[in-house]
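Here's the structure, in structure tokens; my notes come after.
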Amino acid sequence: MVDFLFTLTQDLHPMVVHFPIVLFFLSFLMALVGLKRPPFPEMEWHLFVLATIASPVAVVTGIIAHRPYEESSLAPVIVPHQLSAILGTLALIALAVWRYTGRRKGKDIGRQNGYRMVALLGLVWIFFVGGTGGQLVYEHGLGVRGVNPLLP
């Protein structure tokens, strides 16, 4: 029943990766809702900060999960997913630092249309990274142990 503890380093990435995805999506949603309702922009900021904190955790757990495949024929398939996740996380951190600096000066860019466009591009990027991650699992079987009796 606790066999998963022996493979935790491999299984941690799929457990963690969905947090930054959902948090950033909700942050974007709150940025849109915040156009009409005053309390939502502050909620948007907090969700954005949580997404920024969760993203490096997802990247690090992904790198750890990738290690057994380093010398395999699947390594070239993993690299685009890994690099795009790292680049996206670095961009997210840079955006968070920019917003934090602006907020300290009383000029939060999070309430500007330009920010919403950047955030929308971020969502498209997350969709791309998630899609490549899904391919690794569903097309190449990375991280899959055992056989699914429901699939032909």
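Glycine residues also receive a Cβ, built from the backbone N, Cα and C atoms like all the rest.
For the domain 'DUF2231' (12-145), the DSSP counts in helix, strand and coil order read 110 helix, 0 strand, 24 coil. Summarising the annotation, TrEMBL assigns domain 'DUF2231' to 12-145.
Residues annotated as transmembrane segment in TrEMBL: 15-35 (among others).
Look at TrEMBL and you will find 47-66 (among others) tagged as transmembrane segment. Same-chain residues lying 6+ beyond the ends of the transmembrane segment (47-66) with a Cβ under 8 Å from its Cβ atoms: 9-10, 12-13, 15-17, 19-20, 23-24, 26-27, 30, 78, 81-82, 85-86, 88-89, 92-93, 95-96, 99, 110, 133, 142-143.
The transmembrane segment annotation in TrEMBL covers 78-98 (among others). Packing against the transmembrane segment (78-98) from elsewhere in the chain are residues 24, 48-49, 51-52, 55-56, 58-59, 62-63, 66, 69, 109, 118, 122, 125-126, 128-129, 132-133, 135-136, 142: each is 6 or more residues past its ends and has a CB under 8 Å from a CB in it.
Counting same-chain residues at least six beyond the ends of the transmembrane segment (118-138), those with a Cβ under 8 angstroms from any Cβ of the stretch are 14, 17, 20-21, 24-25, 27-28, 31, 62, 74, 77-78, 80-81, 84-85, 88, 91-92, 95, 144. The transmembrane segment annotation in TrEMBL covers 118-138 (among others).
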